[in-house]
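S.K.: Starting off with a structure, shown below.
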Amino acid sequence: MILGVGAGLNLGKEGPMVHMAACVGNIFAYFFPKYGQNEAKKREILSASAAAGVAVAFGAPIGGVLFSLEEASYYFPMKTMFRSFFCAMVSANVLRILNPYGSDNMIMFYVDYQAQWHVMELFPFALLGLLGGIFGTIFNRANLYICRLRKSTWLGQYPVREVLVVSLITAVLSFPHTYLRMNTSELIKLLVSRCSPGSDSSLCDYRYNTSNPLATVLQNYPAGPTLSTAVVLLAIALILKLILTVFTFGIKVPTGLFIPSLAAGAIMGRMLGIATEQFVVAHASHPLIEKMCKSSQPCINPGLYAMVGAAATLGGVTRMTISLVVVMLELTGGLNYIIPLMIAAMVSKWTGDRLTNGSIYEEHIRLNDYPYLGAYDELDSMLVAADVMQPRRDSGSPLYVVTQYDMTVSDVDQLISGCDVKGFPVVVSQESPYLVGWVSRRELRWAMDRERKYDPNIVDDSPVYFASVQQVNINDTHELTPVNLQNIVDLSPTTVSDQTPMETVLDFFRKLGLRQIIVTRNGCPLGVLTKKDILRHVRHHNPNNR
(Lines of atoms letter the chains of each structure in order from A and count residues from 1; the text may use other names and numbers.)
(Lines give C-alpha, C1' and ligand atoms only; values in the text may rest on other atoms or scores of the structure.)
Protein backbone atom coordinates (compact mmCIF):
# COMPACT_ATOMS: atom_id res chain seq x y z
CA MET A 1 0.00 0.00 0.00
CA ILE A 2 2.79 2.43 0.91
CA LEU A 3 4.68 1.70 -2.31
CA GLY A 4 1.53 1.92 -4.41
CA VAL A 5 0.56 5.33 -3.04
CA GLY A 6 4.15 6.55 -3.28
CA ALA A 7 4.40 5.39 -6.90
CA GLY A 8 1.53 7.66 -7.87
CA LEU A 9 -0.89 4.91 -8.85
CA ASN A 10 -4.55 5.84 -9.05
CA LEU A 11 -5.48 4.30 -5.74
CA GLY A 12 -6.16 5.38 -2.20
CA LYS A 13 -5.01 4.15 1.18
CA GLU A 14 -8.46 4.34 2.77
CA GLY A 15 -9.78 0.91 1.73
CA PRO A 16 -6.67 -0.96 2.92
CA MET A 17 -6.77 0.99 6.18
CA VAL A 18 -10.28 -0.32 6.84
CA HIS A 19 -9.12 -3.84 5.94
CA MET A 20 -6.16 -3.63 8.30
CA ALA A 21 -8.34 -2.34 11.12
CA ALA A 22 -10.74 -5.25 10.59
CA CYS A 23 -7.80 -7.69 10.60
CA VAL A 24 -6.56 -6.26 13.90
CA GLY A 25 -10.05 -6.54 15.35
CA ASN A 26 -10.37 -10.13 14.18
CA ILE A 27 -7.02 -11.08 15.71
CA PHE A 28 -7.73 -9.45 19.06
CA ALA A 29 -11.18 -11.07 19.21
CA TYR A 30 -9.50 -14.46 19.67
CA PHE A 31 -7.85 -13.25 22.87
CA PHE A 32 -11.33 -13.12 24.40
CA PRO A 33 -13.29 -16.39 24.00
CA LYS A 34 -16.57 -14.54 24.52
CA TYR A 35 -15.99 -12.82 21.17
CA GLY A 36 -13.62 -15.14 19.35
CA GLN A 37 -15.90 -18.18 19.65
CA ASN A 38 -19.12 -16.32 18.88
CA GLU A 39 -19.57 -15.28 15.25
CA ALA A 40 -22.30 -12.74 16.05
CA LYS A 41 -20.17 -10.96 18.67
CA LYS A 42 -17.12 -11.14 16.44
CA ARG A 43 -19.06 -9.23 13.79
CA GLU A 44 -19.70 -6.50 16.33
CA ILE A 45 -15.94 -6.19 16.82
CA LEU A 46 -15.41 -6.04 13.05
CA SER A 47 -18.03 -3.29 12.73
CA ALA A 48 -16.24 -1.22 15.36
CA SER A 49 -12.90 -1.90 13.65
CA ALA A 50 -14.24 -0.64 10.31
CA ALA A 51 -15.30 2.60 11.99
CA ALA A 52 -11.82 3.01 13.46
CA GLY A 53 -10.27 2.40 10.03
CA VAL A 54 -12.26 5.18 8.38
CA ALA A 55 -11.53 7.50 11.32
CA VAL A 56 -7.79 6.95 10.86
CA ALA A 57 -7.85 7.16 7.06
CA PHE A 58 -9.82 10.40 6.83
CA GLY A 59 -9.70 11.89 10.29
CA ALA A 60 -13.48 11.49 10.27
CA PRO A 61 -14.62 9.59 13.41
CA ILE A 62 -18.37 10.28 13.07
CA GLY A 63 -18.24 9.45 9.38
CA GLY A 64 -16.48 6.21 10.29
CA VAL A 65 -19.32 5.18 12.61
CA LEU A 66 -21.90 5.94 9.93
CA PHE A 67 -19.80 4.15 7.29
CA SER A 68 -19.80 1.04 9.44
CA LEU A 69 -23.55 1.36 9.89
CA GLU A 70 -24.34 2.00 6.22
CA GLU A 71 -21.77 -0.08 4.36
CA ALA A 72 -19.91 -2.55 6.55
CA SER A 73 -22.57 -4.13 8.78
CA TYR A 74 -25.57 -6.38 8.36
CA TYR A 75 -26.72 -5.91 11.93
CA PHE A 76 -25.96 -2.77 13.93
CA PRO A 77 -27.61 -2.62 17.40
CA MET A 78 -27.12 0.26 19.80
CA LYS A 79 -24.31 -1.45 21.71
CA THR A 80 -22.39 -1.87 18.47
CA MET A 81 -22.88 1.81 17.69
CA PHE A 82 -21.42 2.76 21.07
CA ARG A 83 -18.43 0.45 20.57
CA SER A 84 -17.88 1.81 17.08
CA PHE A 85 -18.07 5.35 18.43
CA PHE A 86 -15.54 4.53 21.15
CA CYS A 87 -13.10 2.90 18.70
CA ALA A 88 -13.43 5.80 16.25
CA MET A 89 -12.86 8.30 19.07
CA VAL A 90 -9.71 6.53 20.28
CA SER A 91 -8.29 6.13 16.78
CA ALA A 92 -8.98 9.79 15.94
CA ASN A 93 -7.25 10.90 19.15
CA VAL A 94 -4.22 8.75 18.40
CA LEU A 95 -4.13 10.25 14.91
CA ARG A 96 -4.27 13.73 16.41
CA ILE A 97 -1.42 12.94 18.82
CA LEU A 98 0.79 11.42 16.11
CA ASN A 99 0.05 14.39 13.81
CA PRO A 100 1.03 12.67 10.52
CA TYR A 101 0.47 15.80 8.39
CA GLY A 102 2.60 18.02 10.61
CA SER A 103 -0.07 20.71 10.68
CA ASP A 104 -1.94 19.97 13.93
CA ASN A 105 -5.02 19.70 11.74
CA MET A 106 -6.98 16.52 11.11
CA ILE A 107 -9.01 18.04 8.24
CA MET A 108 -7.48 16.86 4.96
CA PHE A 109 -9.11 19.31 2.53
CA TYR A 110 -9.99 22.27 4.70
CA VAL A 111 -11.94 24.99 2.87
CA ASP A 112 -11.11 28.50 4.01
CA TYR A 113 -14.18 30.16 2.55
CA GLN A 114 -17.62 30.65 4.04
CA ALA A 115 -19.40 32.19 1.05
CA GLN A 116 -23.11 31.51 0.96
CA TRP A 117 -24.57 29.45 -1.85
CA HIS A 118 -27.75 30.50 -3.63
CA VAL A 119 -31.00 28.65 -4.11
CA MET A 120 -30.62 28.87 -7.89
CA GLU A 121 -27.44 26.81 -7.57
CA LEU A 122 -29.43 23.78 -6.47
CA PHE A 123 -29.95 22.94 -10.14
CA PRO A 124 -26.24 22.64 -11.01
CA PHE A 125 -25.69 20.80 -7.72
CA ALA A 126 -28.37 18.29 -8.73
CA LEU A 127 -26.74 18.08 -12.17
CA LEU A 128 -23.47 17.20 -10.47
CA GLY A 129 -25.31 14.41 -8.65
CA LEU A 130 -26.63 13.14 -11.98
CA LEU A 131 -23.17 13.26 -13.55
CA GLY A 132 -21.65 11.58 -10.50
CA GLY A 133 -24.15 8.72 -10.72
CA ILE A 134 -23.44 8.27 -14.44
CA PHE A 135 -19.69 8.41 -13.86
CA GLY A 136 -19.96 5.86 -11.06
CA THR A 137 -22.00 3.50 -13.23
CA ILE A 138 -19.51 3.77 -16.12
CA PHE A 139 -16.60 3.14 -13.78
CA ASN A 140 -18.26 0.20 -12.03
CA ARG A 141 -19.20 -1.55 -15.26
CA ALA A 142 -15.85 -0.94 -16.94
CA ASN A 143 -13.90 -2.08 -13.90
CA LEU A 144 -15.99 -5.24 -13.54
CA TYR A 145 -15.44 -6.02 -17.23
CA ILE A 146 -11.67 -5.70 -16.81
CA CYS A 147 -11.73 -7.79 -13.63
CA ARG A 148 -13.70 -10.55 -15.38
CA LEU A 149 -11.12 -10.57 -18.16
CA ARG A 150 -8.40 -10.73 -15.53
CA LYS A 151 -10.03 -13.79 -13.94
CA SER A 152 -10.85 -15.67 -17.15
CA THR A 153 -7.87 -14.92 -19.42
CA TRP A 154 -4.09 -14.91 -19.33
CA LEU A 155 -4.11 -11.39 -17.84
CA GLY A 156 -4.58 -12.80 -14.36
CA GLN A 157 -1.72 -15.29 -14.66
CA TYR A 158 1.02 -12.66 -14.41
CA PRO A 159 0.05 -10.34 -11.54
CA VAL A 160 3.54 -8.92 -10.96
CA ARG A 161 3.97 -8.05 -14.62
CA GLU A 162 0.53 -6.50 -14.66
CA VAL A 163 1.42 -4.24 -11.73
CA LEU A 164 4.63 -3.19 -13.46
CA VAL A 165 2.84 -2.45 -16.74
CA VAL A 166 0.09 -0.43 -15.03
CA SER A 167 2.72 1.51 -13.06
CA LEU A 168 4.71 2.26 -16.22
CA ILE A 169 1.65 3.39 -18.19
CA THR A 170 0.50 5.53 -15.27
CA ALA A 171 3.90 7.23 -15.07
CA VAL A 172 4.11 7.82 -18.83
CA LEU A 173 0.61 9.32 -19.05
CA SER A 174 0.62 11.24 -15.78
CA PHE A 175 4.01 12.92 -15.64
CA PRO A 176 3.61 15.17 -18.72
CA HIS A 177 0.21 16.36 -17.45
CA THR A 178 0.16 19.38 -15.18
CA TYR A 179 -2.57 18.10 -12.86
CA LEU A 180 -1.99 14.35 -12.98
CA ARG A 181 1.65 14.89 -12.06
CA MET A 182 0.53 16.22 -8.70
CA ASN A 183 -0.18 14.09 -5.68
CA THR A 184 -3.88 13.22 -5.76
CA SER A 185 -4.57 14.77 -2.35
CA GLU A 186 -2.82 17.98 -3.43
CA LEU A 187 -4.90 18.02 -6.62
CA ILE A 188 -8.11 17.78 -4.60
CA LYS A 189 -6.97 20.59 -2.31
CA LEU A 190 -6.25 22.77 -5.35
CA LEU A 191 -9.62 22.04 -6.94
CA VAL A 192 -11.73 22.76 -3.84
CA SER A 193 -9.84 25.95 -2.96
CA ARG A 194 -11.05 29.43 -3.84
CA CYS A 195 -9.34 31.89 -6.14
CA SER A 196 -7.94 35.24 -5.13
CA PRO A 197 -6.34 38.04 -7.16
CA GLY A 198 -2.91 36.98 -5.94
CA SER A 199 -3.20 33.34 -7.03
CA ASP A 200 -0.79 32.16 -9.73
CA SER A 201 -2.76 29.02 -10.68
CA SER A 202 -4.10 28.83 -14.22
CA LEU A 203 -7.44 27.83 -12.68
CA CYS A 204 -7.59 31.32 -11.20
CA ASP A 205 -6.72 33.27 -14.35
CA TYR A 206 -9.45 35.93 -14.39
CA ARG A 207 -9.48 39.48 -15.69
CA TYR A 208 -9.74 41.19 -12.35
CA ASN A 209 -10.97 44.78 -12.35
CA THR A 210 -9.93 46.57 -9.18
CA SER A 211 -10.52 50.11 -10.46
CA ASN A 212 -14.04 50.19 -9.06
CA PRO A 213 -14.09 48.73 -5.53
CA LEU A 214 -17.85 49.14 -5.32
CA ALA A 215 -18.51 46.99 -8.37
CA THR A 216 -19.89 43.55 -7.74
CA VAL A 217 -17.49 40.67 -7.96
CA LEU A 218 -19.72 39.31 -10.70
CA GLN A 219 -18.43 42.01 -13.07
CA ASN A 220 -14.81 41.33 -12.12
CA TYR A 221 -14.56 37.66 -13.10
CA PRO A 222 -14.44 37.19 -16.86
CA ALA A 223 -12.15 34.31 -17.83
CA GLY A 224 -8.51 34.98 -18.53
CA PRO A 225 -6.52 33.60 -21.48
CA THR A 226 -5.18 30.47 -19.73
CA LEU A 227 -8.37 29.44 -17.96
CA SER A 228 -9.75 27.77 -21.10
CA THR A 229 -6.52 25.79 -21.42
CA ALA A 230 -6.82 24.75 -17.79
CA VAL A 231 -10.38 23.49 -18.39
CA VAL A 232 -9.20 21.44 -21.38
CA LEU A 233 -6.42 19.97 -19.25
CA LEU A 234 -8.97 19.12 -16.57
CA ALA A 235 -11.14 17.33 -19.13
CA ILE A 236 -8.14 15.29 -20.30
CA ALA A 237 -7.24 14.56 -16.68
CA LEU A 238 -10.78 13.33 -16.00
CA ILE A 239 -10.67 10.88 -18.92
CA LEU A 240 -7.20 9.60 -18.03
CA LYS A 241 -8.13 9.35 -14.35
CA LEU A 242 -11.16 7.22 -15.25
CA ILE A 243 -9.20 4.88 -17.54
CA LEU A 244 -6.23 4.46 -15.21
CA THR A 245 -8.41 3.87 -12.14
CA VAL A 246 -10.46 1.28 -14.04
CA PHE A 247 -7.31 -0.75 -14.69
CA THR A 248 -5.67 -0.07 -11.32
CA PHE A 249 -8.51 -1.12 -9.02
CA GLY A 250 -8.27 -4.90 -8.90
CA ILE A 251 -4.56 -5.44 -9.51
CA LYS A 252 -2.54 -7.27 -6.86
CA VAL A 253 -1.87 -4.14 -4.83
CA PRO A 254 -3.92 -3.05 -1.78
CA THR A 255 -6.10 -0.35 -3.26
CA GLY A 256 -8.86 1.98 -2.19
CA LEU A 257 -11.32 4.01 -4.25
CA PHE A 258 -12.11 6.99 -2.07
CA ILE A 259 -9.32 9.37 -3.10
CA PRO A 260 -9.41 8.56 -6.88
CA SER A 261 -13.20 8.96 -6.89
CA LEU A 262 -12.98 12.24 -4.97
CA ALA A 263 -10.35 13.51 -7.41
CA ALA A 264 -12.40 12.62 -10.49
CA GLY A 265 -15.50 14.23 -9.00
CA ALA A 266 -13.58 17.35 -7.98
CA ILE A 267 -12.30 17.73 -11.56
CA MET A 268 -15.81 17.37 -12.93
CA GLY A 269 -17.24 19.75 -10.35
CA ARG A 270 -14.57 22.40 -10.94
CA MET A 271 -15.28 22.37 -14.68
CA LEU A 272 -19.02 22.74 -14.12
CA GLY A 273 -18.36 25.48 -11.56
CA ILE A 274 -16.25 27.44 -14.04
CA ALA A 275 -18.90 26.98 -16.74
CA THR A 276 -21.64 28.16 -14.35
CA GLU A 277 -19.52 31.11 -13.30
CA GLN A 278 -18.90 32.22 -16.88
CA PHE A 279 -22.58 31.77 -17.72
CA VAL A 280 -23.46 34.11 -14.87
CA VAL A 281 -20.83 36.61 -16.03
CA ALA A 282 -22.15 36.52 -19.60
CA HIS A 283 -25.75 37.08 -18.46
CA ALA A 284 -25.09 39.60 -15.71
CA SER A 285 -27.99 41.80 -16.74
CA HIS A 286 -30.61 39.08 -16.31
CA PRO A 287 -33.03 39.98 -13.47
CA LEU A 288 -32.64 36.62 -11.72
CA ILE A 289 -28.86 36.86 -11.76
CA GLU A 290 -28.92 40.48 -10.60
CA LYS A 291 -31.16 39.45 -7.71
CA MET A 292 -28.97 36.45 -6.85
CA CYS A 293 -25.64 38.29 -7.00
CA LYS A 294 -26.21 41.33 -4.82
CA SER A 295 -23.42 41.02 -2.30
CA SER A 296 -19.81 41.99 -2.65
CA GLN A 297 -18.79 38.35 -2.26
CA PRO A 298 -18.15 36.02 -5.22
CA CYS A 299 -21.48 34.99 -6.67
CA ILE A 300 -20.29 31.58 -7.91
CA ASN A 301 -17.51 29.62 -6.19
CA PRO A 302 -16.03 26.88 -8.46
CA GLY A 303 -14.28 25.38 -5.43
CA LEU A 304 -17.65 24.60 -3.86
CA TYR A 305 -18.69 22.84 -7.07
CA ALA A 306 -15.53 20.76 -6.88
CA MET A 307 -16.43 19.74 -3.33
CA VAL A 308 -19.98 18.80 -4.31
CA GLY A 309 -18.76 16.97 -7.43
CA ALA A 310 -16.32 14.95 -5.35
CA ALA A 311 -19.15 13.81 -3.07
CA ALA A 312 -21.41 13.03 -6.04
CA THR A 313 -18.84 10.86 -7.80
CA LEU A 314 -17.87 8.98 -4.66
CA GLY A 315 -21.56 8.38 -4.04
CA GLY A 316 -22.04 7.12 -7.59
CA VAL A 317 -19.26 4.58 -7.14
CA THR A 318 -20.01 3.42 -3.59
CA ARG A 319 -23.74 4.35 -3.29
CA MET A 320 -23.16 5.87 0.13
CA THR A 321 -25.43 8.69 1.30
CA ILE A 322 -25.48 9.57 5.02
CA SER A 323 -21.93 8.51 5.80
CA LEU A 324 -20.73 10.17 2.58
CA VAL A 325 -22.12 13.57 3.55
CA VAL A 326 -20.68 13.38 7.06
CA VAL A 327 -17.28 12.23 5.78
CA MET A 328 -17.21 15.16 3.34
CA LEU A 329 -18.12 17.57 6.13
CA GLU A 330 -15.31 16.23 8.30
CA LEU A 331 -12.88 16.23 5.36
CA THR A 332 -13.51 19.85 4.41
CA GLY A 333 -15.00 21.51 7.48
CA GLY A 334 -17.65 23.04 5.21
CA LEU A 335 -20.67 22.81 7.49
CA ASN A 336 -22.43 25.58 5.54
CA TYR A 337 -22.61 23.34 2.50
CA ILE A 338 -24.44 20.38 3.98
CA ILE A 339 -27.55 20.85 1.80
CA PRO A 340 -25.66 20.90 -1.53
CA LEU A 341 -23.78 17.78 -0.41
CA MET A 342 -27.01 16.05 0.57
CA ILE A 343 -28.68 16.88 -2.75
CA ALA A 344 -25.70 15.67 -4.78
CA ALA A 345 -25.43 12.45 -2.75
CA MET A 346 -29.12 11.62 -3.10
CA VAL A 347 -29.32 12.36 -6.84
CA SER A 348 -26.12 10.39 -7.39
CA LYS A 349 -27.52 7.36 -5.57
CA TRP A 350 -30.87 7.57 -7.37
CA THR A 351 -29.11 7.77 -10.73
CA GLY A 352 -26.72 4.93 -9.97
CA ASP A 353 -29.47 2.67 -8.63
CA ARG A 354 -31.58 3.40 -11.70
CA LEU A 355 -28.77 2.38 -14.05
CA THR A 356 -27.43 -0.61 -12.13
CA ASN A 357 -27.92 -2.34 -8.79
CA GLY A 358 -25.25 -2.38 -6.13
CA SER A 359 -22.10 -0.47 -5.26
CA ILE A 360 -18.63 -1.33 -6.49
CA TYR A 361 -18.08 -3.30 -3.28
CA GLU A 362 -21.17 -5.47 -3.76
CA GLU A 363 -20.32 -6.04 -7.42
CA HIS A 364 -16.82 -7.27 -6.55
CA ILE A 365 -18.24 -9.53 -3.85
CA ARG A 366 -20.52 -11.10 -6.47
CA LEU A 367 -17.64 -11.30 -8.95
CA ASN A 368 -15.60 -13.32 -6.45
CA ASP A 369 -18.67 -15.48 -5.72
CA TYR A 370 -18.69 -14.75 -2.02
CA PRO A 371 -21.94 -15.72 -0.25
CA TYR A 372 -23.15 -12.18 0.32
CA LEU A 373 -26.82 -11.21 0.60
CA GLY A 374 -27.09 -7.62 -0.57
CA ALA A 375 -29.92 -5.17 -0.12
CA TYR A 376 -31.13 -5.88 -3.66
CA ASP A 377 -31.24 -9.66 -3.27
CA GLU A 378 -34.93 -10.31 -2.78
CA LEU A 379 -37.17 -13.35 -3.11
CA ASP A 380 -40.81 -13.81 -3.92
CA SER A 381 -42.85 -13.00 -0.82
CA MET A 382 -44.86 -16.20 -1.34
CA LEU A 383 -41.83 -18.48 -1.07
CA VAL A 384 -41.27 -20.57 2.06
CA ALA A 385 -38.16 -22.32 3.34
CA ALA A 386 -39.15 -25.67 1.82
CA ASP A 387 -39.12 -24.11 -1.67
CA VAL A 388 -35.45 -23.13 -1.53
CA MET A 389 -33.83 -25.68 0.82
CA GLN A 390 -31.47 -28.40 -0.38
CA PRO A 391 -32.31 -31.08 -1.23
CA ARG A 392 -35.55 -29.89 -2.81
CA ARG A 393 -38.72 -31.77 -2.03
CA ASP A 394 -39.22 -32.74 -5.68
CA SER A 395 -35.59 -33.65 -6.43
CA GLY A 396 -35.65 -37.16 -5.01
CA SER A 397 -32.18 -36.63 -3.49
CA PRO A 398 -31.64 -37.73 0.11
CA LEU A 399 -30.68 -35.47 2.98
CA TYR A 400 -27.30 -36.61 4.30
CA VAL A 401 -27.39 -37.01 8.08
CA VAL A 402 -25.33 -38.64 10.81
CA THR A 403 -26.87 -40.64 13.63
CA GLN A 404 -25.93 -40.46 17.27
CA TYR A 405 -24.72 -44.01 17.90
CA ASP A 406 -25.14 -46.45 15.00
CA MET A 407 -22.38 -45.34 12.61
CA THR A 408 -18.89 -46.70 12.01
CA VAL A 409 -15.66 -45.09 10.87
CA SER A 410 -16.23 -46.51 7.40
CA ASP A 411 -19.73 -44.99 7.26
CA VAL A 412 -18.38 -41.57 8.22
CA ASP A 413 -15.58 -41.77 5.63
CA GLN A 414 -18.03 -42.70 2.89
CA LEU A 415 -20.34 -39.87 3.91
CA ILE A 416 -17.52 -37.31 3.80
CA SER A 417 -16.17 -38.47 0.44
CA GLY A 418 -19.54 -39.14 -1.17
CA CYS A 419 -21.03 -35.63 -1.01
CA ASP A 420 -19.91 -32.02 -1.08
CA VAL A 421 -22.20 -30.47 1.53
CA LYS A 422 -20.78 -28.22 4.25
CA GLY A 423 -22.17 -30.19 7.17
CA PHE A 424 -24.67 -32.74 8.41
CA PRO A 425 -27.67 -32.68 10.74
CA VAL A 426 -27.27 -35.07 13.66
CA VAL A 427 -30.37 -37.21 14.32
CA VAL A 428 -31.21 -39.80 16.97
CA SER A 429 -31.38 -42.71 14.53
CA GLN A 430 -32.66 -43.61 11.08
CA GLU A 431 -35.81 -45.04 12.67
CA SER A 432 -36.30 -41.98 14.90
CA PRO A 433 -34.95 -39.07 12.81
CA TYR A 434 -35.39 -36.30 15.36
CA LEU A 435 -32.89 -33.47 15.16
CA VAL A 436 -30.18 -33.43 17.84
CA GLY A 437 -27.61 -31.00 16.45
CA TRP A 438 -25.29 -30.11 13.60
CA VAL A 439 -21.74 -31.15 12.73
CA SER A 440 -19.53 -29.33 10.25
CA ARG A 441 -18.01 -31.41 7.46
CA ARG A 442 -14.62 -29.76 7.95
CA GLU A 443 -14.60 -30.37 11.71
CA LEU A 444 -15.77 -33.94 11.19
CA ARG A 445 -12.92 -34.68 8.80
CA TRP A 446 -10.40 -33.01 11.10
CA ALA A 447 -11.69 -34.96 14.13
CA MET A 448 -11.52 -38.30 12.30
CA ASP A 449 -7.95 -37.63 11.16
CA ARG A 450 -6.98 -36.64 14.69
CA GLU A 451 -8.46 -39.79 16.23
CA ARG A 452 -6.67 -42.03 13.72
CA LYS A 453 -3.39 -40.25 14.36
CA TYR A 454 -3.46 -40.64 18.14
CA ASP A 455 -5.18 -44.04 18.42
CA PRO A 456 -3.80 -46.80 16.15
CA ASN A 457 -6.49 -49.22 17.37
CA ILE A 458 -9.20 -47.44 15.38
CA VAL A 459 -10.29 -49.46 12.33
CA ASP A 460 -13.02 -49.12 9.71
CA ASP A 461 -15.53 -51.04 11.83
CA SER A 462 -14.94 -48.97 14.97
CA PRO A 463 -18.19 -47.39 16.17
CA VAL A 464 -18.56 -43.59 16.02
CA TYR A 465 -20.71 -41.86 18.63
CA PHE A 466 -22.08 -38.32 18.50
CA ALA A 467 -23.44 -38.49 22.05
CA SER A 468 -22.08 -38.84 25.57
CA VAL A 469 -21.14 -42.27 26.86
CA GLN A 470 -24.03 -42.20 29.34
CA GLN A 471 -26.49 -41.90 26.45
CA VAL A 472 -24.97 -44.75 24.48
CA ASN A 473 -25.73 -48.41 25.31
CA ILE A 474 -22.27 -49.82 24.73
CA ASN A 475 -21.91 -53.58 24.68
CA ASP A 476 -19.41 -54.46 27.37
CA THR A 477 -18.05 -57.25 25.18
CA HIS A 478 -17.41 -54.89 22.27
CA GLU A 479 -13.77 -55.40 21.26
CA LEU A 480 -13.43 -52.40 18.89
CA THR A 481 -12.24 -49.01 20.11
CA PRO A 482 -15.09 -46.48 19.89
CA VAL A 483 -14.71 -42.91 18.58
CA ASN A 484 -16.64 -40.29 20.53
CA LEU A 485 -17.15 -37.02 18.61
CA GLN A 486 -19.65 -35.40 20.93
CA ASN A 487 -17.42 -32.34 21.39
CA ILE A 488 -17.75 -31.23 17.75
CA VAL A 489 -21.56 -31.34 17.69
CA ASP A 490 -23.43 -28.04 17.80
CA LEU A 491 -26.38 -28.88 20.03
CA SER A 492 -28.21 -25.61 19.36
CA PRO A 493 -28.29 -25.08 15.59
CA THR A 494 -30.60 -22.48 14.11
CA THR A 495 -33.74 -24.11 12.73
CA VAL A 496 -36.90 -22.96 10.99
CA SER A 497 -40.12 -24.68 10.06
CA ASP A 498 -40.52 -25.74 6.44
CA GLN A 499 -43.37 -23.19 6.12
CA THR A 500 -41.33 -20.21 7.36
CA PRO A 501 -41.50 -17.31 4.84
CA MET A 502 -38.22 -16.74 3.01
CA GLU A 503 -38.32 -13.05 3.95
CA THR A 504 -37.92 -14.12 7.59
CA VAL A 505 -35.13 -16.53 6.65
CA LEU A 506 -33.30 -13.71 4.84
CA ASP A 507 -33.50 -11.57 7.97
CA PHE A 508 -31.98 -14.41 10.00
CA PHE A 509 -29.03 -14.71 7.62
CA ARG A 510 -28.44 -10.96 7.41
CA LYS A 511 -28.80 -10.06 11.08
CA LEU A 512 -27.26 -13.13 12.72
CA GLY A 513 -24.48 -13.80 10.22
CA LEU A 514 -25.51 -17.45 9.88
CA ARG A 515 -23.83 -19.95 7.59
CA GLN A 516 -26.71 -22.40 7.40
CA ILE A 517 -30.21 -22.99 8.72
CA ILE A 518 -31.78 -26.43 9.17
CA VAL A 519 -35.33 -26.75 7.85
CA THR A 520 -37.47 -29.06 10.00
CA ARG A 521 -40.99 -30.41 10.31
CA ASN A 522 -42.20 -31.76 13.65
CA GLY A 523 -38.62 -31.85 14.90
CA CYS A 524 -37.28 -33.88 11.95
CA PRO A 525 -34.81 -32.29 9.48
CA LEU A 526 -36.03 -31.96 5.89
CA GLY A 527 -33.21 -29.95 4.35
CA VAL A 528 -30.56 -27.29 4.81
CA LEU A 529 -30.50 -23.65 3.69
CA THR A 530 -27.25 -21.79 3.01
CA LYS A 531 -26.51 -18.33 1.62
CA LYS A 532 -25.35 -19.87 -1.64
CA ASP A 533 -28.64 -21.73 -2.01
CA ILE A 534 -30.53 -18.46 -1.64
CA LEU A 535 -28.25 -16.59 -4.05
CA ARG A 536 -28.51 -19.40 -6.59
CA HIS A 537 -32.28 -19.21 -6.39
CA VAL A 538 -32.24 -15.40 -6.73
CA ARG A 539 -30.02 -15.45 -9.82
CA HIS A 540 -31.96 -18.28 -11.45
CA HIS A 541 -35.34 -16.58 -11.11
CA ASN A 542 -34.13 -12.96 -11.43
CA PRO A 543 -31.35 -12.87 -14.09
CA ASN A 544 -31.24 -9.06 -13.97
CA ASN A 545 -30.59 -9.15 -10.23
CA ARG A 546 -26.99 -10.22 -10.36
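Placement of Cβ uses the backbone N, Cα and C atoms for every residue, glycine included.
Checked TrEMBL, it gives:
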DOMAIN    488-544  domain 'CBS'
TRANSMEM  16-33  transmembrane segment
TRANSMEM  45-69  transmembrane segment
TRANSMEM  119-139  transmembrane segment
TRANSMEM  159-180  transmembrane segment
TRANSMEM  230-251  transmembrane segment
TRANSMEM  257-282  transmembrane segment
TRANSMEM  303-329  transmembrane segment
TRANSMEM  335-352  transmembrane segment
S.K.: Same chain only, please: residues at least 6 beyond the ends of the transmembrane segment (159-180) with a C-beta under 8 Å from a C-beta of the stretch. Say none if there are none.
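M.R.: Result: 7-10, 150, 187, 190, 202, 233-234, 236-237, 240-241, 244, 247-248, 251-253, 267.
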S.K.: Take the domain 'CBS' (488-544) and count its residues per DSSP category (helix H/G/I, strand E/B, coil), listing them in that order.
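M.R.: Secondary-structure breakdown of the domain 'CBS' (488-544): 23 helix, 18 strand, 16 coil.
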S.K.: On average, what pLDDT score does this prediction assign to the domain 'CBS' (488-544)?
M.R.: 85
S.K.: Any contact between the transmembrane segment (119-139) and the transmembrane segment (16-33)? By contact I mean 3+ C-beta pairs closer than 8 Å, pairs at least 6 apart along the chain.
M.R.: no
S.K.: Of the listed stretches (16-33, 45-69, 257-282, 335-352), which one yields the highest count of Cβ-Cβ distances below 8 Å with the transmembrane segment (303-329)?
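M.R.: Stretch with maximum Cβ contacts: 257-282.
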S.K.: Please report, as numbers and ranges, the same-chain residues at least 6 past the borders of the transmembrane segment (45-69) whose CB is under 8 Å from any CB of it.
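M.R.: Sequence-remote neighbours of the transmembrane segment (45-69) are 13-14, 17-22, 24-26, 28-29, 35, 76, 80-81, 83-92, 94-95, 106-108, 256, 258, 320, 322-323, 326-327, 329-331.
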S.K.: What parts of the chain pack near the transmembrane segment (16-33), using Cβ distances under 8 Å and only residues at least 6 beyond its ends?
M.R.: 1, 41-42, 45-46, 48-50, 52-54, 56-57, 72, 91, 254-256
